[in-house]
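Residues or ranges marked as domain 'HotDog ACOT-type' by TrEMBL: 1-111, 167-281. Sequence annotations record features per position, and here TrEMBL assigns active site to Asn9, Asp198. Residues annotated as region 'Disordered' in TrEMBL: 295-324. Residues annotated as compositional bias 'Basic and acidic residues' in TrEMBL: 296-306.
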Amino acid sequence: RIMRPDDANIAGNVHGGTILKMIEEAGAIISTRHCNSQAGEPCVAALARVERTDFLSPMCIGEVANVSAEITYTSRHSVEVQVNVMSENILTGAKKVTNKATLWYVPLSLKNVNKVLEVPPIQYTRKEQEDEGKKRYEEQKLDRLETKQRNGDVILPVINPEPHTVGYSQSSLIHLVGPSDCTLLGFVHGGVTMKLMDEVAGIVAARHCKTNIVTASVDAINFHEKIKKGCVITVSGRMTFTSNKSMEIEVFVDADPFVDEARERYRAVSAFFTYVSLSKEGKPLPVPQLLTETEDEKRRFEEGKGRYLQTKAKRQAQMQQAAQ
């Protein structure tokens with residue numbers, strides 16, 4: 001579809017959340033189709049995880065986004081979908097790849113939202129494809145468990161914070177989940193949640209550096225629990241790390257099912273977003289150094305630095321392999 005002004009920021013760059021929402025819609029369509037391809041209980045595929053995705057080049061207002069999806073692996077209860085996003089300038093015909101993403105879905109019964117159904121297997125052209133897919137499945141399963149175990153943190157307001165501190169830029173958004181946010185089963189579309197997360201992360205980044213900012217990458221997004229219609233969700237973001245030209249922002253989503261009094265508030269989704277600061281000409285700008293004040297902030301900064309260095313080393317290794 002064509003990118004319109006309400007898909008973009010004031011500089012004309014399409015929001016990362018808009019692209020993430022399109023990616024998730026494509027993944028949901030193909031995985032739901034596949035899971036209903038054989039006779040059996042009807043179901044809807046629910047998003048469980050999005051692997052790290054890089055925003056390779058910016059998309060702008062007036063360009064056409066082409067989103068394509070392919071199922072690359074199935075386990076007994078999950079589907080791996082790989083999605084490519086390409087932008088097309090319809091005036092010049094120029095095309096470029098903007099995103100490559102991997103998503104994991106689980107099929108939930110239309111009759112019972114808590115019942116996970118079995119996934120029809122796919123046919124692999126080579127045995128290696130199945131082996132590689134199984135390896136990716138085991139890795140993401142382990143990472144999801146580790147992420148859920150460290151998800152007890154909360155963001156508290158800071159009175160009169162100093163500029164460039166964590167408290168100065170941290171932000172929260174409160175949203176009542178309505179019917180238009182939800183699937184047929186009455187729980188929130190993953191793409192809707194990711195769009196809200198990107199919006200909060202963008203506010204944090206813009207507050208920190210006071211310039212035009214764009215999403216550079218998103219670390220793995222883990223959907224720990226479903227969010228039902230009628231819940232109030234709080235999407236919170238805080239700066240965890242800055243390099244010379246990038247900012248890492250931790251975002252998590254807490255759901256408050258106030259209609260269901262038997263259920264307490266719970267952590268539903270968590271992820272790390274990376275942003276860069278751009279000049280009016282679209283060139284990268286230096287990012288103000290994050291000032292850490294507490295021991296927890298210093299610990300999170302060092303953890304973010306570790307993720308940054310790990311990603312940088314992996315990218316350099318890929319570049320060296322491509323050059324060879």
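Every residue number used here counts from 1 along the chain in the order it is shown.
For all residues, glycine too, the Cβ spot is worked out from N, Cα and C.
Annotations in TrEMBL come from automatic prediction, not curation.
With a threshold of 8 Å between CB atoms, the same-chain residues lying at least 6 positions outside the compositional bias 'Basic and acidic residues' (296-306) that come near it are 166, 240-241, 243, 248, 250, 272, 290. The domain 'HotDog ACOT-type' (167-281) scores a mean pLDDT of 93 in the predicted structure. Here the C-alpha separation of Asp198 (active site) and Asn9 (active site) works out to 12 Å. Using DSSP to sort the residues of the domain 'HotDog ACOT-type' (167-281) gives these counts of helix, strand and coil: 26 helix, 54 strand, 35 coil. Taking each of the active-site residues Asn9, Asp198 in turn and counting other Cβ atoms within 10 Å of its Cβ gives the largest count for Asp198.
Taking H, G and I as helix, E and B as strand and the rest as coil, DSSP gives the region 'Disordered' (295-324) the counts 29 helix, 0 strand, 1 coil. Under DSSP, residues within the domain 'HotDog ACOT-type' (1-111) fall into helix, strand and coil as 23 helix, 52 strand, 36 coil.
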